[in-house]
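Student: Dumping what Swiss-Prot says about this protein:
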| type | residues | note |
| --- | --- | --- |
| BINDING | D345, D357, D404, D406 | Ca(2+) 2 binding site |
| COMPBIAS | 925-946 | compositional bias 'Low complexity' |
| DOMAIN | 627-751 | domain 'C2 3' |
| DOMAIN | 777-899 | domain 'C2 4' |
| DOMAIN | 971-1093 | domain 'C2 5' |
| MOD_RES | M1 | N-acetylmethionine |
| MOD_RES | S324 | phosphoserine |
| MOD_RES | K817 | N6-acetyllysine |
| MOD_RES | S820 | phosphoserine |
| MOD_RES | S941 | phosphoserine |
| MOD_RES | T948 | phosphothreonine |
| MOD_RES | S949 | phosphoserine |
| MOD_RES | S963 | phosphoserine |
| MOD_RES | Y1009 | phosphotyrosine |
| MOD_RES | S1034 | phosphoserine |
| TOPO_DOM | 1-38 | topological domain 'Cytoplasmic' |
| TOPO_DOM | 84-1104 | topological domain 'Cytoplasmic' |
Amino acid sequence: MERSPGEGPSPSPMDQPSAPSDPTDQPPAAHAKPDPGSGGQPAGPGAAGEALAVLTSFGRRLLVLIPVYLAGAVGLSVGFVLFGLALYLGWRRVRDEKERSLRAARQLLDDEEQLTAKTLYMSHRELPAWVSFPDVEKAEWLNKIVAQVWPFLGQYMEKLLAETVAPAVRGSNPHLQTFTFTRVELGEKPLRIIGVKVHPGQRKEQILLDLNISYVGDVQIDVEVKKYFCKAGVKGMQLHGVLRVILEPLIGDLPFVGAVSMFFIRRPTLDINWTGMTNLLDIPGLSSLSDTMIMDSIAAFLVLPNRLLVPLVPDLQDVAQLRSPLPRGIIRIHLLAARGLSSKDKYVKGLIEGKSDPYALVRLGTQTFCSRVIDEELNPQWGETYEVMVHEVPGQEIEVEVFDKDPDKDDFLGRMKLDVGKVLQASVLDDWFPLQGGQGQVHLRLEWLSLLSDAEKLEQVLQWNWGVSSRPDPPSAAILVVYLDRAQDLPLKKGNKEPNPMVQLSIQDVTQESKAVYSTNCPVWEEAFRFFLQDPQSQELDVQVKDDSRALTLGALTLPLARLLTAPELILDQWFQLSSSGPNSRLYMKLVMRILYLDSSEICFPTVPGCPGAWDVDSENPQRGSSVDAPPRPCHTTPDSQFGTEHVLRIHVLEAQDLIAKDRFLGGLVKGKSDPYVKLKLAGRSFRSHVVREDLNPRWNEVFEVIVTSVPGQELEVEVFDKDLDKDDFLGRCKVRLTTVLNSGFLDEWLTLEDVPSGRLHLRLERLTPRPTAAELEEVLQVNSLIQTQKSAELAAALLSIYMERAEDLPLRKGTKHLSPYATLTVGDSSHKTKTISQTSAPVWDESASFLIRKPHTESLELQVRGEGTGVLGSLSLPLSELLVADQLCLDRWFTLSSGQGQVLLRAQLGILVSQHSGVEAHSHSYSHSSSSLSEEPELSGGPPHITSSAPELRQRLTHVDSPLEAPAGPLGQVKLTLWYYSEERKLVSIVHGCRSLRQNGRDPPDPYVSLLLLPDKNRGTKRRTSQKKRTLSPEFNERFEWELPLDEAQRRKLDVSVKSNSSFMSRERELLGKVQLDLAETDLSQGVARWYDLMDNKDKGSS
């Protein structure tokens, strides 16, 4: 066959290549052979393209060398060059991975069926949903519709961004006034729906669709801020996830659907290919951070429990409830343990294999919990409980991931997933679940809690929860959903300006906030908030309407949740009048409470057999008109979870330095000093130290105690003032966060005084946690006497917590009229009054009170029940010594009032306050180290008694004083004294602890007291005396006395100690029970001594 000049040999049909399907598949012109007919000269366009490619390559390499040259020119280290090179390589790797992922995803979507046939042996997760799950259907017809609409959707997006979003961005910040969208293209690759699954829904008036969507688009959106020559944008994006669409409610008019709700059941996966300045987000580290932030933003409005609601008809009812419906149920997740975990810790470069430090992450939707870390354990025991709200069944999954805690990056140990539908079917699921991606198993107990719309079983649930040990939080008995709708006629700001109202809703220590609605006093929020409740009978909902600055309060509302328990179906849907607001200011809310009930045959609610009055029903005289049985009378109280969780904060105000001088004399010509004192404020209490005259470096050494709770946000406020005749001058202030002390347990710091040129304050703060054991009480009393200062009140040895629940069978007025009773609780000089319950003989108070106890052996709780406007209905005196011998130092039962009519149900709980920084905690181990006789004198710390470094000496002293090897008391008894010289304050200190085995001369025991006299002086200036104890042979005093004198003078003195008793009520004569005289020259006062001394008669007064 004749060929034209320039043609090569004709290829055979078998060798004939198919025509490329895409123009980009054509070989480049630069690589084509020259046409022979053209004289062997290359084509012009091909040569120009090759030259341009060479120049471009050379320019790029030159640009890479420019930063290296600049680094050398300015003298930077080669490390900066290497660091920049590492950043570039990391960025390049992330970019290549994203582009490779985009190409693979586009190839999959372009020919899904062919690729599916080729990849049948690929992993299950790479297959489309319609292959993986037989009940998921293909929806090609829907994809064709989306592809047809896609260009018009792009036009709408371009218009929306240019006309709505861009002006909003320009108005948000002055620096963005030149912000504009330069390019908005959704591209030619539309969103694809891989599979569709239809559910019938919970109710007949709704339809559920699960759309398995996959978007691998060539979208390109570019923005520019012309003022700063800044360009950024997106070029390519991937989004994969399951989108649930709910058509609800179905109605009888067009369009037959009232609204469409959309949300992702689980977090979708997102991958964005950035351009321009946003290329920096592809740097390793920033890439994961930016993707996480974007996913958090998407989850905030489009991942359960959040959803997007699109109403299709006007005036749709219950829009807020459609946007935030009630949960389907609650799952209580008990994370118990794990076993057989893999070991990730390696030592000596991997030669020695260690264990792991495992912790677990528990997720359900956007709800995430983290367990504590168990160090060095492959079979950890967590024993933690979490409660999660389940909104959609089926669909949501419980996910547990186990990690090994490391200083740098935590190692993955495995994960497990479980559909919540299986928990719903089983009600209680307790099993070991294998970990995927690792080795080992995790032990979970999963309980499905149903939501009940009546309070019939609330007492049963509370009784069960009371016996359940749960951490980190107590189990919940109910949930509360608050639908915040709108407010009316809120007060205006100063200058009659419209406020920007927002709402804070709080239950105990949980606070949630609404969005702010700007420039209106009639805001509409339409938001929902959810709370877990431990005891709905006693908790309250606190609502604060504020301006968005949080400084101006527009109104407040406190709503006891007990009101909901009597409302129909536990729902309140109404207007609420606001206090501290305008006369017509009100708030519209819908409150829905649901009781959490575990309906399982495994659960047996405990009862107390033999409880007196548990079923106190008068069968002979039933009440007429009652169709239900009388409720059982509870045997024990049911306080809320916060009862008994208080701490005591012990505040040592020690000294200050470099205070400013405020005193002036002669019209300011002569500069004096200051007379400083300290004021403290915490938890609604205030304290004040004594005044130190004329001193810029004062020492107070005072101790204050206050009962505190772990409510966040509390601060100890400390202010220093100069005492003056007219107005006290300010010397500075400082603050300490209470959570810092509660978490650490101890804080000893010099705090810089604020708002003044100079000055600092030395504080020592200690958290005392009550312990339910009396084993350490004696040591606590002794240590308190040692650290007691002369200017401070007596330190507390225990904390008494009282929970007043109710009373029954109180006496009536003349006839059958009920009283309005209330109760008063008194311990020492502290008292608490409960609220008044009107017109009842069986009041329910549900109140608690706490008291500081200084001498638990002698103090008592005095309770009186009174009627408003009448006298005492009954009283009760409870000696605290009964609590000291009770189990766990607690009494929880019915007490009969002294009047004989009426009973009260209360819980009295005592906790011993043991200081962790005085050495008392080690006393239980001290007997094994004590072998010295009574004649040996253990050393005492010569420093001030509050210094924590004296703990070993203090522990040694307690060991010898209370040693069981001590000699028996003499015929007249013994007195226990502690003596030392406090060198920093130049004081001789003596503590009279008590006496034992005193002599009884008459028929009745004596009323002893101790008198101390510093000889040779016999005047009132050196005489000290304890309080008097009634009718006892072993009195306890624990009282401290001080004498100001130099050490050398103290060593020349003698201390005369006399134990006396009043002989009769009418006589001034004192009976001497015994005495002892101590020669201080023979005592090492700098080290100190503490011991028992035998009492002698008046003829033989020498020390022994």
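Cβ coordinates come from backbone N, Cα and C, glycine included.
Keep in mind it's a predicted model, so treat the numbers as computed, not measured.
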Student: Work out how many Å separate S820 (phosphoserine) and D406 (Ca(2+) 2 binding site) at their Cα atoms, rounded off.
Tutor: 62
Student: Between the Cα atoms of Y1009 (phosphotyrosine) and D406 (Ca(2+) 2 binding site), what distance do you get, rounded to the nearest Å?
Tutor: 63
Student: In the same chain, outside D345, D357, D404, D406, whose C-beta lies within 8 angstroms of the Cβ mean position for the Ca(2+) 2 site?
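Tutor: Here the non-site neighbours turn out to be K344, G354, K355, S356, P358, K405, D410, D411.
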Student: Report, in whole Å, the straight Cα-to-Cα distance of S324 (phosphoserine) from D345 (Ca(2+) 2 binding site).
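Tutor: A Cα-Cα distance of 45 Å.
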Student: With helix taken as DSSP H, G or I, strand as E or B and everything else coil, how many residues of the domain 'C2 4' (777-899) land in each class?
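Tutor: Going by DSSP assignments, the domain 'C2 4' (777-899) contains 19 helix, 55 strand, 49 coil.
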Student: Reduced to three states, what secondary structure does DSSP give D404 (Ca(2+) 2 binding site)?
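Tutor: The three-state answer is strand.
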Student: Compare the Cα of S324 (phosphoserine) against each of the binding-site residues D357, D404, D406 and report the nearest.
Tutor: D404
Student: Averaged over the domain 'C2 5' (971-1093), what pLDDT does the prediction give?
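Tutor: 84, rounded to a whole number.
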Student: Which of the three DSSP-derived classes (helix, strand, coil) applies to D345 (Ca(2+) 2 binding site)?
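Tutor: D345 (Ca(2+) 2 binding site) sits in coil per DSSP, no helix or strand.
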Student: Using DSSP, how many residues of the domain 'C2 3' (627-751) fall into helix, strand and coil, respectively?
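Tutor: Counts, helix then strand then coil: 7 helix, 59 strand, 59 coil.
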Student: Measuring Cα to Cα, tell me the gap between D357 (Ca(2+) 2 binding site) and S1034 (phosphoserine) in whole angstrom.
Tutor: 54
Student: Please work out the number of neighbouring Cβ atoms within 10 Å of the Cβ of S820 (phosphoserine), leaving out its own Cβ.
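Tutor: Neighbour count, Cβ to Cβ under the 10 Å cut-off: 15.
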